């Protein structure tokens with residue numbers, strides 16, 4: 001949309017008055033000048049690094065703030081949203097329309113009388129299922145982040161652009177009335193699905209803008225029978241599509257970035273009647289301990305137009321990727337075309353035939369790979385077990401076990417069974433097989449090597465795992481291969497990694513109990529109750 005008068009009027013309608021200037025869909029060149037210009041202070045300021053990318057800091061907000069997330073409860077949402085409750089704790093806390101109105105006025109006041117950046121883009125590479133997103137901010141690098149992460153419209157598309165959702169980023173304002181309103185803190189990330197607006201206040205973390213729209217896709221798509229997934233995806237030379245589910249830090253980005261396959265996307269996808277499509281126009285990769293040797297594609301993507309968050313920049317402008325003193329959750333966003341080996345011109349492909357669940361097991365119990373039955377697929381998808389890894393959320397620094405429904409509970413707007421149903425339906429139609437891959441720890445106390453995990457993924461994708469002789473892991477009743485090409489055979493049965501196998505047994509019984517306890521919350525649903533037998537035997 002290039003009619004700025006119309007845009008100003010639409011912003012006025014949202015309460016943003018006396019707008020000094022609109023910098024509309026700025027080019028990368030313009031953003032670079034804006035975010036590095038002399039005189040910028042605090043978190044507005046970008047620092048040029050020797051890699052060519054600009055680095056910014058987000059202060060104490062080095063991860064998402066799930067405790068500050070709210071959805072307005074109204075006629076649209078009261079019976080559809082998976083609301084937080086004692087029985088099922090989640091991040092979808094209801095907000096009254098009165099509180100929403102006061103927050104909207106607060107953010108509008110913050111953005112009024114300012115020079116504003118407005119970036120318009122799409123969430124979703126499927127023309128049928130995408131949503132048009134308009135991002136409004138007073139901070140240049142936030143506009144840069146959005147330009148990197150959302151799908152950049154063509155000039156033709158911009159002429160007829162329709163904003164289905166508007167994000168008002170008021171990172172510089174906080175809510176003084178939070179206590180009286182019964183909120184968690186002065187910071188807020190709030191959604192009004194009826195109005196099509198997201199408000200951000202207090203937090204500077206870039207990921208709030210990206211994950212906010214993911215939560216909205218997770219609301220709209222399953223209601224239309226389209227799978228909405230927290231996964232990465234790639235496609236082989238023969239058009240075979242694989243999707244990788246997993247929470248942050250389990251290897252979604254690393255393992256789907258594969259020189260032998262084209263990347264569809266690294267984090268958020270839909271799966272409709274035509275196939276798998278990316279929601280995003282960029283990647284948001286973790287950079288802690290990043291090296292050119294281990295992750296050449298991601299390292300090579302960190303150049304001009306990439307945006308680094310919370311990394312340590314030395315006095316000479318070089319980046320110390322091993323320094324986690326600000327946060328373990330250091331990040332980089334870059335447009336997807338910074339990776340050479342991607343699906344072009346549109347990030348979408350056919351139906352998936354391999355579905356991989358990545359988990360980082362902090363207990364050292366689960367095998368590096370197991371093949372799942374259809375019932376186990378649904379059970380482990382609903383369980384979404386992993387270990388939360390350091391620093392992806394504020395206040396989490398040590399690996400702790402967690403169960404996150406559908407490998408993305410933080411972003412689910414509907415009940416988990418709705419996502420499981422749509423996924424299983426899509427898998428049945430395409431004849432897809434599912435595998436559970438543990439990228440975490442084993443009895444040696446060490447993390448399973450990337451080399452071995454890559455060997456496992458190769459065996460899944462090239463079909464050699466189907467030819468392997470299989471054994472069974474007790475308690476979990478998982479089918480595990482006895483040997484795979486290029487993988488250390490000593491790690492395939494986790495019991496073999498313990499000096500004393502009885503130790504594995506004790507830990508396995510403990511973990512099995514946790515699975516059973518966690519799954520109780522689903523058993524009120526008759527469909528989910530049938531899956532109990534597919535889980536471990538405590």
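We count from 1, first residue shown onward.
Note that Cβ sites are derived from N, Cα and C of the backbone, with glycine treated the same way.
Bear in mind that the values here come from a model prediction, so they are computed numbers and not experimental data.
Positions annotated as substrate binding site by Swiss-Prot: 64, 205, 211, 331. In the three-state DSSP assignment, the secondary structure recorded for residue 331 (substrate binding site) is strand.
Classification of residue 152 (ATP binding site) by DSSP places it in coil, neither helical nor stranded. Residues annotated as ATP binding site in Swiss-Prot: 152, 211, 230, 246-254, 295, 331, 344, 447-448, 453.
Secondary structure at residue 230 (Mn(2+) binding site), taken from DSSP and collapsed to helix, strand or coil, is strand. If you look up Swiss-Prot, you'll see 211, 230, 267 marked as Mn(2+) binding site.
Between the alpha carbons (Cα) of residue 447 (ATP binding site) and residue 331 (substrate binding site) lies a span of roughly 21 Å. Other residues of the same chain near the substrate site, with their Cβ within 8 Å of the Cβ centroid of 64, 205, 211, 331, are 63, 206, 207, 208, 210, 284, 329.
Classification of residue 211 (substrate binding site) by DSSP places it within a helix. Shown in sequence order, 210, 214, 268, 408, 411 are the same-chain residues outside 211, 230, 267 whose Cβ sits within 8 Å of the Cβ centre of the Mn(2+) site.
In this structure the alpha carbons, written CA, of residue 64 (substrate binding site) and residue 295 (ATP binding site) are 25 Å apart. DSSP assigns residue 64 (substrate binding site) to a strand in the three-state reduction. Shown are the binding-site residues 152, 447; the one with the most C-beta atoms within 10 angstroms of its own C-beta is 152. Cα-Cα distances to residue 230 (Mn(2+) binding site) place none of the binding-site residues 152, 205, 249, 295, 331 within 10 Å.
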